[in-house]
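Taken from TrEMBL, the feature transmembrane segment covers B:19-44, B:56-80, B:92-116, B:136-156, B:168-192, B:212-238, B:270-291, B:297-329, B:336-358.
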Amino acid sequence: MSANTTANATDERTRLEALWERDAVKIFVAFAAIYLVYAAIGLALGYSLDGIVNTLRRMTYLIAVYGMVTLALNLHWGYTGLFNIGVAGFMAIGLYVTMMLAKPVDPTGAAQYPGLGLPMPIAIAGGVVAAGLAGLVVAIPALRLRADYFAITTIAFAEIVRLGLTSGMAQQFSVFGAELGTGGGRGLTRNYGDPMNVIFELEAFSSFVDLTNALFGFGPTQARALAYSIVLVLVLIGFYWLIQRTSRSPFGRVLKAIREDEEAAQSLGKNTNRFKIKVFVLGCALMGLAGILWRFRRTGVTPTAFRPHVTFYIWIALIIGGAGSNTGSVLGSGLFVAVLFEGPRYVRRLIEEVVTVGDAPNTFAGAVGPLLSANPAPFLRYTFEEFLTLQFVLMGVALVLLMHRRPDGLLGHREETAAAIPLADRPVAETGAGPRPGGTDSDRGGDSQ
Amino acid sequence: MSTVDEAVNRGRNLSSEQFLLLVVGIGAVALLGDLILGLASGTYSISRVARYVTEGILYGLIIGLAGIGLSMTYSILNFANFAHGDYVTTGAFFGWGVTYLVAGWGVASVGPLVLVAPQREVSGAQLDVAITATPIAVLAGLLVAGVATALFVLLIDRLAFKPVRGSGGIPLLITSVGVAFALRYVLVFVYSSSTRGTTASVPSVDFLLVDGYVSIGAHDATLIVAAVALMLGVHFLLQRTKLGKAMRAMSDNRDLALVTGIPTERVIRWTWMIGGGLAGTAGYLMVLWTGTIDWQFGWLLLLLIFAAVILGGIGSIYGAIFGGLVIGVGMHMSMIWLPGGDFTTITAFLLMILVLLIRPSGLFGGKTTA
């Protein structure tokens, strides 16, 4: 009897392990944990129901946006091996072009600079195309370069974009007689209608507002924000679907071949340069779209929003999840936002809730001095005061540790089959147990199965 | 047939590169012609152009000095170190802490002095910090900036880079981005994020040049003397000592160096120390020259240093120095045509991208002979 139960138990365990092996399950568990923890934090901080839901909504919004950009970056680095560290530049181009196209022709009130007054869908399309074109401009000459030179070129490009947007020269200019402007360092204010109005003005939306009011006590503004986040999640799913399809297509197989060994791909008659240009442009256009969706509802934008920090965040998310894995990119964005981006702030609030911290010394010297006389309190207070600075230190250290311990990330095992037909589904008996005659080419961990 | 195709293809590739070169060449000639004509006709003030050139050379010396270290680690350890800019900042803070301590001993308490007055408790002007008024404080600071940064960089190598040294250039590059980020905010944590003035005003000599004056201050002169002396020092170190020979051998062929019996690990250590020391002194001199210090000036300098190193050719210290001067002078000269200073950095980046496209191995031919 007991042997039977243990057998059953092990059976159950292997089943669970097999289930755990699936990326979707890991993502589900991770996200459920993230939301539960944040709901618990909300409770501990004494938030009301709408506060908690709003916290979770904000998380969702951030995860969706970072997820989109990370997926696009995964297309560059994970699938093709293009080391793009100019992500922020392409996002900036997308958003700025969209805003410049959408702003009304006659500037009113505080909004100093005119735009073209185009309808929103056209403006978004324009922004995406502009980001893609920028990618083309960078890609055509730069793809001949080594990975590290390519990286430096892309970050230099992103800085050129940011500094160009900051400079006074492009503050206001005219193209074919139409006045446009980037607003220079002061940036652009949004003086067009809410871009989500297409949805908000639907008949059905008012019942959504009523529903959220009944469920969480949301007002109309919060309901709109929630709907916006839901739309972003849908777009994220679209991104995932698109990139998953791309990577599984014959086109995607060539990309993986380029990543593993570009010369080998060339020797098989593939024009690798053309593939690289295409995929780079596609990824940049997607980054542009993510940049647009990230901030086009806000009251305004300044060039400081596109400092190299943004690129750094996306890279951490990608590396947490594992380059080359789309599910990993989504998981990585979730973990990055929950643990590294939002986490420290909530931890700080929690500490504040539990203990009264008191006045911190205002310099590091004032914090360290008492340590010599075995009084750690001022140092702890100072650390607490500077928590948000330390958050950035934490991000940097996290990246270093990831490179040390898990350079392939959580899901970046990169064992995708290159063959068009499924190989794994065949019964074991047919494939035989002996070594394959082809030799041990699978030990490179690439697409060689 | 196939050989004909090949020749045609080669010709096509060549022609696209030559076309780019031609465009750049025509652009350069046009700018030069415009400059000469403008100077001759008096459209551009001669003394103003001379001021741009002097400022450019001084700025270029700093970039070149910091670039030597980056170039050395790039060629010997084979990765682009994105933390190098923050080594520059770190060195500046180390050195200026000592300068403040020496110059302000007894005036203010030790803590704020070592932290370069994080809440602006005292200013450089109050302490009268200048090469002419407090030469010992400045020299002590310069020395500490070099030595302390060298040791600090060694520590970072041990903690961050050594464990992943074998895993190739890109993982090391990503690691260095993490190090840069962490280090920058540790500096904010320790030294605060305020920008402060560090020096008192110093005497200067004015040279009359046709339609105006070009002025060289005492700190400009200090920068020139210190930078040139350090560059000569590195030159002799690499050319005359056994260590230099070993370094050159390693950047040439690491495996061969290893089997020849060169203690590669020791050479790597020295490379980090020399590179870090030069970065630290460059940071110190930059602050002495500009008179202000803040937590991210090194990071903002980093891409310019990369531009210089790539322009000169990775691995060549002469290339780094030359590249630094080209970038510095180019940046400041750009203000002749694009006034306002908004476009100086953009000019530098465009210069770098152009060099990468026309001659990826750099102007000094990619000779990795240190």
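Placement of Cβ uses the backbone N, Cα and C atoms for every residue, glycine included.
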May I ask whether the transmembrane segment (B:336-358) has at least three C-beta pairs under 8 Å with the transmembrane segment (B:92-116), counting pairs 6 or more apart in sequence? no
The transmembrane segment (B:19-44): which same-chain residues, six or more beyond its ends, come within Cβ distance under 8 Å? 211, 336-337, 354, 357-358
Between B:168-192, B:212-238, B:297-329, B:336-358, who has the most Cβ pairs under 8 Å to the transmembrane segment (B:56-80)? B:297-329
Considering the transmembrane segment (B:212-238), which listed stretch of B:168-192, B:297-329, B:336-358 counts the most C-beta pairs under 8 Å: B:297-329
Please report, as numbers and ranges, the same-chain residues at least 6 past the borders of the transmembrane segment (B:168-192) whose CB is under 8 Å from any CB of it. 77-83, 85-87, 89-90, 93, 115-116, 118-119, 156, 160-161, 295-296, 299, 302
